[in-house]
Protein chains: 2
Amino acid sequence: MLKDFQSHISKNFPELLKNKFLLACSGGLDSVLLSYLCKQNHMDFILAHCNFRLRGADSNGDEDFVKELGHRLGKPVYVTHFDTMGYVNNHNVSVQMAARDLRYHWFKGLMEEHAIEYLVTAHHADDNLETFLINLSRGTGIEGLTGIPETSNQIRRPLLKFTRQRILEYAQECNLEWREDESNSDTKYLRNKIRLEIVPKLKELHPTFMDNFERTLGYLKETREISKSELKRVKRELFKTDGQHWKISISELKKLQPIEGYLHGLFQEYGFTQWNDILLLLDALSGKTIYAENYVLLKNRNHLILGKNEGEEQEEFEIQEGVIQIQQPIGLEIKQVSEKKDNQGNIIYVDKNTLKFPLTVRKWKEGDYFYPLGMQGKKKLSKYFKDEKLDLFAKKEQWLLCSNDEVVWVIGRRADDRFKVKDTTKQILSIAIQ
Amino acid sequence: MLKDFQSHISKNFPELLKNKFLLACSGGLDSVLLSYLCKQNHMDFILAHCNFRLRGADSNGDEDFVKELGHRLGKPVYVTHFDTMGYVNNHNVSVQMAARDLRYHWFKGLMEEHAIEYLVTAHHADDNLETFLINLSRGTGIEGLTGIPETSNQIRRPLLKFTRQRILEYAQECNLEWREDESNSDTKYLRNKIRLEIVPKLKELHPTFMDNFERTLGYLKETREISKSELKRVKRELFKTDGQHWKISISELKKLQPIEGYLHGLFQEYGFTQWNDILLLLDALSGKTIYAENYVLLKNRNHLILGKNEGEEQEEFEIQEGVIQIQQPIGLEIKQVSEKKDNQGNIIYVDKNTLKFPLTVRKWKEGDYFYPLGMQGKKKLSKYFKDEKLDLFAKKEQWLLCSNDEVVWVIGRRADDRFKVKDTTKQILSIAIQ
């Protein structure tokens, strides 16, 4: 195996021959063998071991083992201890996720500290098959079946082409010692079940099962990439942006077949996972929206509008009496004038004595109403926006000028009747958008 | 299960409620239950049973069983007997392939005879999972993982959403009887192993494993279709055809990433499976070709030329003395003329007395040579073609006019010096392309 490993490294990972790297070593079979192979191949590396303190004395035994291994190989060993369960409780994540977050965060720091560019892990071919089967059992798309890559950003996985069987045989041949991981997390349990009960049976189905599996992964990756190219192209053509939102023609979307697949592919990166909802949105009433964690998708007549889901901004900006200009959140100029002219979209005239300072500038909220200038009676802002055909995003961006929380001006659109200049008005203020 | 079946039929197979169909019934659990469900749902169908005569008395037992089933259900039963092993030996195919060919051929005839449009089979969800695992064990692309469709052409598979477990439970609940298939072909052996040893373990991995698997198939189908759209688009853009061949720009091909995936996707429908060879062809010397069963791919400077691999045509066409016009294989007119003019591309003048009738028109073959008019000495046709930069397809299409198998005219290109009109010539023939 050493020769195969050496030629595999020369051919596919030459960067690991020229640079010092970090080797993540748990003390288990795979990472011990990898450390040993790298040493035999005269590579320059340091070992990094995480003690997750999940298995008491066993965890400490692993740590001692890796320190001893480093000593024997003549390589430095860096060790850290984590309060993994504390992280689980604080962040409400699984043990597996916690271990992953903690590990990679620490590796990253260590690499920066030592100016090391590559992290090497001991994943092997059976890991990929096990992951394939775990994901299959849970239901997955092509991403979940294509396995982990040999190379991703700074991570290198030079054992990925080798089977566990081969690794085990070579480790035994070399009389290596390693630690057995006795942990029993859910995933570990699943993996063990797959490893012990399913994979051996699968391998009996075909004499070159693992080679065939590697070929399958290759084909699936190709299909995945081709499908990604198509989605990218469609996105380039259909997603028109004004820098803030994307506007997507519904009739163009409907031409795509199979539409569910395209909706899934186009919107999943924005966090939308219920693409059936998106499908229904295409034929929903204008104004209907669906929400993902960070994005919102709105049907607006013939288009879908995709934008950030900013949450509700409740900020209010005050304008004290005497202030003649504000910049935030919108540029306004307030002047005392001697004569009223007609209101325009960007300027209104009000009776100063009807106002109660400080005025406020804020966004619209549910329940707001006003008395549109020149109309009888009051009107809900939601109704006004609807009549004006404002879409969700326009509504969200609409500022209101208020006095005592009553709407004086739907800024840039319509003034309120209650504050208008009358014959009895003594002091006229002009308020203009800058 | 009956209710689920009924609503599934109403929703997804309304055509089976309105039309009589053929139900393929082996006598095994799945097809017996399907027959029973269709009867309970008051559907109009006839049973078709194939006796492949592969298991002696057992095969005949199955046949009798299905006849009896038809009698009990009040449905006609059509039975046929096949000499399956004879077909295997005559056609050099596997037993499985033979059974498949024979079965579908017979079904087709039966359907035509009875003016029946749909064939209904009893494939179920576990069949899809087993096929998935068989293909996985052999190595496969996304096609091999997406399962058989519920609907393809005239075939309908209304049990495809139901698991074997559910089918078995309902059959037991209804006290149905069925025949156990004791056959032991290779695939049967594989399927049995998967069914008995692997699938139960897989299902233990997740409480809703089969539902998740169905979802996975759905996602994979979507990805497959999106990838197909992309390949179709690329093909539309890159494959330029003159009606006979496709010309594909190598520099455009090279822009596609991942190129292996694209080459695979673009050329597999023409029977090219070694796309690594196609990859090498891109940088090969001009003139290099690779062959699939029915197509050939040629590198011709900056392009790949894709065409049919017609095999070698050895046909010769004779022109008897006195014939003044032929249509096949190419339109030629032979006239006696009193005066020689200059040869042109589409007309030559020869000394009739140098010719030996019948003349022949044939394709070029290896070893052919001629004496190009106006040149000293002879030249191999292969060399001439090369100098003229004829590609493989142009060479294949080039007709030669011969006398006593000596080249008189590389038709439309160059006459031979040996047959030219000299001062001593008594009878001049003009030979012209029409």
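Sequential numbering from 1, following the chain as shown.
Every residue, even glycine, has its Cβ placed from backbone N, Cα and C.
Please treat TrEMBL annotations as automatic predictions, because they have not gone through curation.
So that you can see what the record holds, here are the features copied from TrEMBL:
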BINDING   A:S26, A:G27, A:G28, A:L29, A:D30, A:S31  ATP binding site
> Sequence gap of 6 or more, C-beta under 8 Å: which same-chain residues meet both conditions with respect to A:S31 (ATP binding site)?
Replying inline: A:L23, A:A24, A:C25, A:T121, A:A122
>> I need the least crowded one of these binding-site residues (A:G27, A:G28), counting other C-beta atoms within 10 angstroms of each C-beta.
In response: A:G28
>> Check the DSSP secondary structure of A:L29 (ATP binding site), expressed as helix, strand or coil.
In response: helix
> Other residues with Cβ within 8 Å of the Cβ centroid of A:S26, A:G27, A:G28, A:L29, A:D30, A:S31 at the ATP site?
Replying inline: A:C25, A:V32, A:L33, A:A122, A:W178, A:R179, A:D181
> Once near-sequence residues are set aside, which residues in the chain of A:D30 (ATP binding site), 6 or more away, have Cβ atoms under 8 Å from its Cβ?
Replying inline: A:A122, A:H123, A:H124, A:L159, A:R164, A:I167
> Sequence gap of 6 or more, C-beta under 8 Å: which same-chain residues meet both conditions with respect to A:L29 (ATP binding site)?
Replying inline: A:R164, A:I167, A:L168, A:A171, A:W178
>> Same chain only, sequence gap of 6 or more: which residues have a CB within under 8 Å of the CB of A:S26 (ATP binding site)?
In response: A:H49, A:C50, A:D62, A:V66, A:R179, A:D181
